[in-house]
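*Asks:* The structure that follows is given in the form of structure tokens.
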Amino acid sequence: MLKHALIFFCRDSDDSDEPSLLRFMCAELTRGYFLEHNEAKYTERRERVYTCMRIPRELERLMSFGFFLCLDAFLYVFTLLPLRTLLAFLRLLTIPCCGLGGSRFLQPAQVCDLLKGLIMVLCYSMMHYVDYAMMYHLIRGQSVIKLYIIYNMLEVADRLFSSFGQDILDALYWTATEPKSRKRAHIGVIPHFFMAVFYVFLHAILIMVQASTLNVAFNSHNKSLLTIMMSNNFVEIKGSVFKKFEKNNLFQMSNSDIKERFTNSVLLLIVCLRNMEQFSWNSDHLWVLLPDVFIVILSEVAVDIIKHAFITKFNDITADVYSEYKASLAFELVSSRQQNAYTDYSDSVARRMGFIPLPLAVLLIRVVMSSVKIQGALSSVCLLLFYLGLITMKVLNNIVILGKSCRYVKEANMEGKLFKRPTAQTSKQTPKKANPTKSPPPSAEPKVQQPSTSITKQPSPRAKPFPPAPPPVTEVTSDPPPDSPPKPEESSSETPQSTELKHRTIKKDLLEIDRFTICGNRIG
């Protein structure tokens, strides 16, 4: 065998002598190879290493941007929603005195604000009957393994509640604001309202149990439960890294990670408030809690980085995809500020990321009101100053993320889509109105009446965006002719079908791939 091996390795030698062990060793020591013969393979491997090195920076940029988007939607519940609800209530009270100025008692946005305010008030009053201390001691009496199982079940239940809860709220908003001229195809506003109140109350209790379990983990002597709960994050890597992911699926998982990080931050805030109340707001105890808080946050960040790094590596996804995700979120924020917006921005964040701020806000108000006693004029003044500080924080955060969003939209070349979208909707609406009416003389009147059935219902302001709309439209229409002329024909042929599902395609419009084609590359 050794002789045959020596003959094989030394057959290319120029010498005609018999092969020997010395010659074989010399050939092995002096044998060379050239990596440049497979340059593409090694270049690809090097790019994968560079992609893994870029993932932490790109991922944290997306996470931080999405975190502040969730913060903006969360602060909206505490700052602007009470004021909007108050204005809508005053409008409702002044209707008998001032009369009706239009076909509706209230604007659709005002109706939604009133419903959100009523849900918040009812759920907060119902949360007073839930004893937080009794729930804490009930959970504390359980074993560590049982608490670990309970916490995992609560995480699954929270995701299920979030996915179905926004559908309940959207059904309530649409049922309350749907034009009454249509045939009734729903069970009524009052059953939908009670369903929404019941959902928000149950979801708030579920988050309270999560916060109590986390509080028990922080207060345990050996920190064993906290260690087990942190190790649960690393189990998530096993369940997601070795699966096949496309860019669309990765975007949904990134949004879920953003929501989970923000929710965990609020849960940690609730745990700190409850512990500080138990220790009479002693600042020394805060320094005892902070190391555990930072460890939980750092473990969450490390798990997200490792998970996304290996998912992009195994599925050959570049790090530039996170810029596209960021541009898509920015586009939603900018488009929600337009006068023809079809939804509130907080609801858009809830649909995209699964973050519903109402249950979490109800729980946080319940915890703060039970932890902080407001007595006397000085406490009321401090509360007013705190509220003004929240409004200031909300406005500053909104300005910053709006500026960032405009920059991301501009970098992704999405300005044309912003201007094209309202004109496309008006062009879809006019043929639908023209076919059943068949009245050419009042052709200008339906255009004025159409916004009244929309969400904004502001005829005079919506007449203003139409003049500036033609310049971007001409820019957009000037591009397609060199690419492919039949594309506009396809879009024009699809307009009658899309108008029939105008109000029913909210979820489809936000979750399908059409949003991502705006970035220039089709995802999916």
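Every residue gets a Cβ built from N, Cα and C, even glycine.
Not my notes, these are from TrEMBL:
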COMPBIAS  449-458  compositional bias 'Polar residues'
COMPBIAS  462-485  compositional bias 'Pro residues'
REGION    419-506  region 'Disordered'
TRANSMEM  62-81  transmembrane segment
TRANSMEM  118-139  transmembrane segment
TRANSMEM  189-209  transmembrane segment
TRANSMEM  286-306  transmembrane segment
TRANSMEM  355-372  transmembrane segment
TRANSMEM  378-400  transmembrane segment
*Asks:* Considering only the recorded stretches 62-81, 189-209, 286-306, 355-372, state which has the highest number of Cβ pairs under 8 Å to the transmembrane segment (378-400).
*Replies:* 62-81
*Asks:* The transmembrane segment (118-139): which same-chain residues, six or more beyond its ends, come within Cβ distance under 8 Å?
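*Replies:* For the transmembrane segment (118-139), the sequence-distant neighbours (Cβ-Cβ under 8 Å, at least 6 residues beyond its ends) are 77, 81, 147, 150, 193, 196-197, 200-201, 204-205, 208-209, 212-213, 215-216, 274, 358-359, 361-363, 365-367, 370.
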*Asks:* Among 62-81, 189-209, 286-306, which stretch has the highest count of C-beta pairs below 8 Å with the transmembrane segment (355-372)?
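*Replies:* Going through each listed stretch, the top one turns out to be 189-209.
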*Asks:* Which residues of the chain, 6 or more past the ends of the transmembrane segment (286-306), have a CB below 8 A from one of its CBs?
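*Replies:* Sequence-distant neighbours of the transmembrane segment (286-306): 55-56, 59-60, 63, 218, 223, 226, 230, 233-234, 236-237, 257, 260-261, 264-265, 268, 271-272, 275-276.
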*Asks:* Please give the sequence-distant neighbours of the transmembrane segment (62-81): residues at least 6 beyond its ends with Cβ less than 8 Å from one of its Cβ atoms.
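*Replies:* Long-range Cβ neighbours of the transmembrane segment (62-81): 113, 116-117, 120, 254-255, 257-259, 261-262, 265-266, 304, 322, 325-326, 329-330, 333, 345-346, 349-350, 353, 355, 357-358, 360-361, 387, 390-391, 393-394, 397-398, 400-401, 404.
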*Asks:* Would you kindly list the residues that approach the transmembrane segment (189-209) from elsewhere in its chain, counting only those six or more residues past its ends and only Cβ-Cβ distances under 8 Å?
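*Replies:* Answer is 115, 118-119, 122-123, 126-127, 130, 132, 135, 139, 150, 154, 157-158, 161-162, 164-165, 168-169, 171-172, 175-176, 263, 267, 356, 358-360, 362-363, 366.
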